[in-house]
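K.L.:
My structure is below; once you've seen it, I'll send some questions.
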Amino acid sequence: MILLGVNIDHVATLRQARGTRYPSPIEAALVAETAGADLITLHLREDRRHIQDADVVAMRQVIKTRMNLEMAMTPEMLANALAVAPEDVCLVPEKREEVTTEGGLDVLGHYADVCHYTETLQQAGIRVSIFIDPDRAQISKAYEAGARVIELHTGAYADAIHAAEREAELARIRGAAAFAAELGMVVNAGHGLNYHNVKPIAAIPQITELNIGHAIIGQAVFVGLDRAVRDMKALMQQARQG
Ligand SMILES: CC(=O)[C@@H](O)[C@H](O)COP(=O)(O)O
Ligand SMILES: NCC(=O)COP(=O)(O)O
């Protein structure tokens, strides 16, 4: 059994492109839940390029599964998270000029902040995950900072063009997942996963949950969101069953 978190940011991206009221990320979350999503993931970026503050508040009231709120380590985002009280917060790095989250959070470079944000959120009863590269030094430092959940950034694996490069990235992810699980951490993964590359990641036994957005919302254009979520979940379960 492996869990699917559906990231609905990309529904909001489409809405923001025109400044309309549709398509609604809230409606998307409800459809995704009906289709079998185990949680809903959303990223309130500092520049509000997709998800808006009002989306987070509305989503909190209607979803029936779990909310996984991705956020940068800023005082504004911390106040938001404490007010909304999602089940999970995933601490992510953010660069204003990036197209998407380019890498994991540098826990070694921001150790004091990671400790502070992790402790404050955990004291409020929110489970904290760190979005991190598949790197043992970063994982050890996240553990030392008090985090007991990580999400491995799978972007380098997803973006690899050549088979050898993809295999090397997959090996890194496998090794990182085993290492974190040995420390007793919950291991999640995500970023850039799609219908063609998800199976080898879903087959990693230590991985509990995958967060997937862009590919599912893209596929929904052709087959509808319900089908797109069901198909992704089926692929993940097939991979896990071997
Ligand atoms: C942290 C992360 O990986 C997600 O937030 C996801 O990639 C979708 O959001 P962006 O498109 O804003 O990066
Ligand atoms: N944390 C990764 C995530 O939520 C989904 O990323 P993507 O599938 O939109 O690249």
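Our numbering is plain: 1 for the first residue shown, then up by one each step along the chain.
Positions of Cβ are set from backbone N, Cα and C atoms, glycine also.
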K.L.:
Among Thr65, Thr100, Thr118, Thr120, which residue does TrEMBL annotate as binding 1-deoxy-D-xylulose 5-phosphate together with Asp9, His10, Arg45, His50?
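P.N.:
Looking through Thr65, Thr100, Thr118, Thr120, the residue TrEMBL assigns to the 1-deoxy-D-xylulose 5-phosphate site is Thr100.
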K.L.:
Quick one: of His43, Arg45, His50, which of the recorded positions has the smallest count of other CB atoms within 10 A?
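P.N.:
With the recorded positions His43, Arg45, His50, fewest surrounding Cβ atoms within 10 Å: Arg45.
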K.L.:
Same chain only, sequence gap of 6 or more: which residues have a CB within under 8 Å of the CB of Thr100 (1-deoxy-D-xylulose 5-phosphate binding site)?
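P.N.:
Result: Gly155, His191, His214.
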K.L.:
In the structure shown, which of the recorded positions His10, His191, His214 has the fewest Cβ neighbours within 10 Å?
P.N.:
His214
K.L.:
Which number gives the other C-beta atoms within 10 angstroms of the C-beta of Asp9 (1-deoxy-D-xylulose 5-phosphate binding site), all protein chains shown included?
P.N.:
22
K.L.:
Name, in the order they occur in the sequence, the residues of the same chain whose CB lies under 8 A from the CB of Glu151 (site 'Transition state stabilizer') and which sit 6 or more residues away.
P.N.:
Cys90, Ser129, Ile130, Phe131, Ile132, Asn188, Ala189, Gly190, Asn211
